[in-house]
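Asks: Take a look at this one; I'll ask things after.
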Amino acid sequence: MKSYELITILGPTASGKTTFAAALAAQLDTEIISADSRQIYRSMDIGTGKDLADYNVNGKQIPYHLIDICEPGYKYNVFEYQHDFFRVYEDMKRRGKLPILCGGTGMYIEAVLKGYKLLDVPQNPELRESLRNKTLEELETILASYKILHNKTDVDTAQRAIRAIEIEEYYKTQAPDVNEYNPINSLIIGIHIDRELRREKISRRLRTRLDEGMVDEVRTILATGVKPEDLIYYGLEYKFLTLYIIGELSFEEMVSQLEIAIHQFAKRQMTWFRGMERRGCEIHWIDATLPTEEKIATTMRILNNQL
């Protein structure tokens with residue numbers, strides 16, 4: 001009989017994974033560790049879709065971890081995430097909890113499930129200078145030439161693509177092929193949402209967030225002294241809203257380009273999860289449209305080795 005050390009709930013943006021994870025955590029009297037590369041930032045609430053109200057289930061507050069741990073402008077990375085995750089994970093295990101890992105950042109999830117040894121890669125000024133004038137498409141071509149990508153973070157800006165190349169060059173000469181942490185035996189639940197429904201939910205949610213004040217949220221962050229280029233670095237909402245605020249895009253252009261970018265992001269998330277399956281991760285897919293109670297019942301049957 002398998003003995004699971006963790007439950008992982010993953011899925012693309014707008015699949016409803018957080019609502020389900022919180023309900024499952026309430027059922028199991030446990031806590032959630034977030035696996036979202038942007039929800040770690042304070043003040044970046046609407047644009048990252050924190051939806052903290054989801055962590056209140058029938059009046060019960062579900063404890064969550066690795067949300068709101070950094071200030072905007074800081075460039076947090078998977079190396080730091082891995083260390084932060086295991087600190088929280090070990091504490092929860094000592095307290096007798098079965099942790100739930102929930103998120104859509106596949107790189108973070110895979111790094112902790114497999115215990116990869118990751119290096120805190122320093123900047124390479126000479127390499128950065130040599131890449132400075134290349135287009136995003138040219139940088140993506142360079143990235144595609146590497147046999148293994150240690151950092152497949154979303155390269156939707158040239159700055160991120162250059163950082164990814166920097167990491168690959170460093171790993172070519174520095175990285176030992178060993179694990180830093182023991183791999184975790186996790187039950188992995190994937191929330192599957194039909195492509196057209198996903199697109200519909202993404203588009204509807206974008207307009208809701210704009211109505212809720214997402215533009216003002218970005219203005220407020222910029223007013224604290226965070227540089228526009230540092231927000232652009234985070235991509236998606238923060239990239240396009242910043243470009244709108246500094247006058248490089250009209251409102252209509254911003255909404256149109258952002259909507260396309262989020263759809264592309266969701267597709268990349270699914271590509272990563274399928275890649276995880278090819279790399280040996282067994283993912284049990286559950287239909288996003290099922291009622292929460294049915295999702296929980298299915299998960300409990302798998303957890304108890306009945307499926």
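Even glycines carry a Cβ here, placed using N, Cα and C.
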Asks: Have a look at 44-48, 159-163, 174-178, 299-303 and point to the one annotated region 'Interaction with substrate tRNA' in Swiss-Prot.
Replies: 159-163
Asks: What range among 16-19, 36-39, 132-135 does Swiss-Prot describe as region 'Interaction with substrate tRNA'?
Replies: 36-39
Asks: For the region 'Interaction with substrate tRNA' (159-163), find every same-chain residue at least 6 residues outside the stretch whose CB is under 8 Å from a CB in it, and list them.
Replies: 127-128, 131-132, 136, 139-140, 142-143, 151, 153, 229, 232-233, 235
Asks: Determine how many residues of the region 'Interaction with substrate tRNA' (36-39) DSSP places in helix, in strand and in coil.
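Replies: Helix, strand, coil within the region 'Interaction with substrate tRNA' (36-39): 0 helix, 0 strand, 4 coil.
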Asks: Report the DSSP secondary-structure composition of the region 'Interaction with substrate tRNA' (159-163) as helix, strand and coil residue counts.
Replies: 5 helix, 0 strand, 0 coil
Asks: Could you tell me which of these recorded positions, Thr13, Thr18, Thr105, has the greatest number of Cβ atoms within 10 Å of its own Cβ?
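Replies: Within the set of recorded positions, the most crowded position is Thr18.
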Asks: Identify, in sequence order, the residues in the chain of Ala14 (ATP binding site) that are 6 or more apart from it along the sequence and have a CB within less than 8 Å of its CB; answer 'none' if there are none.
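Replies: Those within reach of Ala14 (ATP binding site), by Cβ under 8 Å and sequence separation of 6 or more, are Ile193, Arg198, Lys201, Ile202, Arg205, Ala266.
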